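Novice: Sharing a structure here in structure tokens format.
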């Protein structure tokens, strides 16, 4: 970039052209342009403080799943071996998907601090030279940063080059990422609905005369309150919610331990995987169908990854491995121990296993925890919407940064109130927790499977993981989650169609926006004003000059787009004759 300053003594001087390029290698605004700072300080104590705050934002959906997992399983005359098999399935699901996949692998696949399916897609785009505006489609005058990226692309794997050269493969990758995002939005609608509704159902245990309609109305009021406080931001919400979630995480495993001691002390023998084999051998197809209920034990696990932008990797890992995971293992063990001795209480598997003296304190904590549970997927929805807006795959809704120190903490008023309306509608229209649970199972399993596919591509093309490890990862998790997906698809007529309807609406919006933006960029690329031509025009000594700065906003390289340049010329000609400002600044987005 040539700099030439205008002085009072130099009558004929070139106007300066300054190019400010904030684009990523594929022509998209980066998710994060600066290191994430923490006002609380750095180091061990700051990480522990963040880990405590994650309890109120990230893990609510996961740790409150005991409220509705067993009631979502239509068991007929369950036996001791049935319950041991179910607990073994849940234990290994939590261990493999929760600990290994999300806490140990997925959290390392962030896109400059952001997580979620669209962050994985963005990461792949930036490393495969694809996207709405790939650097390969820009001519040789591209900026050095783009040239460097293109040079690096020569070292890409064959799979990366396949995606770069195949429009069908690129469209399929985009479809998978969009489906994952839309399903996560569906998760953000169904998690608040099923969590709050399941907690409020506890009123009917001591008071059977309470009508179902009253429970639904109370649940709707609670949800409306929850969405109204979102505008205060994740930090303030977590400050309020973390003590509640901490109380829940501490008390439920204590109740579980009490239940284990009094009902079935040998429950942990079910950790042996052979109980899973015996369960499926004994139950056959019925056992396979029950997976649609057991998959709910891992609901909210995607929030570990999607909420990464609100916190950081270490804080989420510490909170999950040392509090959430042990709490869930003990709580489910206690529930299972109780149900082995009291199988008739299966449909109310949580509140029945709570001892009478502590029933009301647990009910209050459960209700508050259910409210908190909704927060994890609401925050995750804000994050993925922000990512898709930044990547230009979603209409530009208002996104508010609610923290001065953490770029990932965002809030969208339009999305917030849309989620509120849809959540309340789900409760009032369907009402039955089992129908919502069927829909919930579809969302949970689909999002997990999509994350597995995208993570596999990241391992191959970005991390360059040894093929044996990639194959092992893909085989274990794709098969495991694929079996879950096949089971929950049988629930589509019984409420499982809800997330597909939600996903269809959001996918229609995203694909419509994507198509329109593509056509716009293709037009701008073919009609752009070349930088060299712009410099020649600005260097023309016959053109009248006036003091001031002119900004050209453009989302393509090598010059302003035709619309901004045409508007500039029309304005200057119509106002005071054709002239050029001293300084012209080209801003790329």
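The backbone N, Cα and C atoms fix where each Cβ goes, and this holds for glycine too.
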Novice: From the ranges 50-71, 116-137, 138-159, pick the one that TrEMBL records as transmembrane segment.
Specialist: 50-71
Novice: I need to check the long-range neighbours of the transmembrane segment (439-463): which residues 6 or more away from its ends have a CB within less than 8 Å of a CB in the stretch?
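Specialist: Here the qualifying positions are 72, 97, 101, 105-106, 109, 117, 120-121, 123-124, 127-128, 156-157, 159-160, 173, 176-177, 179-180, 183-184, 186-187, 190-191, 194, 292-293, 295-296, 298-299, 301-302, 305, 469-470, 473-474, 477-478, 481-482, 484-485, 487-489, 491-492, 495-500.
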Novice: Could you give the residue numbers and ranges of same-chain residues that sit at least 6 residues beyond the transmembrane segment (288-306) on either side and whose C-beta is under 8 angstroms from one of its C-beta atoms?
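Specialist: Beyond its ends, the transmembrane segment (288-306) has Cβ neighbours at 58-63, 65, 68-70, 72-75, 86, 89-90, 93-94, 97-98, 102-103, 106-107, 115-117, 184, 187, 191, 280, 316, 320, 328, 332, 373, 376-377, 379-380, 383-384, 437-438, 440-441, 444-445, 447-448, 451, 483-484, 486-488, 490-491.
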Novice: With Cβ distances under 8 Å as the criterion, find the stretch in 83-103, 239-261, 358-378, 470-490 that has the most pairs with the transmembrane segment (415-433).
Specialist: 358-378
Novice: Please figure out which one of 83-103, 239-261, 358-378, 470-490, 496-515 racks up the most CB pairs under 8 Å against the transmembrane segment (172-194).
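Specialist: Comparing 83-103, 239-261, 358-378, 470-490, 496-515: 496-515 has the most Cβ pairs near the transmembrane segment (172-194).
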Novice: Which residues of the same chain, at least 6 past either end of the transmembrane segment (496-515), have a Cβ under 8 Å from a Cβ in it?
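Specialist: Those are 132, 174, 178-179, 181-183, 185-187, 189-190, 388, 392-395, 422, 426, 430, 436, 438-439, 441-443, 446, 488-490, in sequence order.
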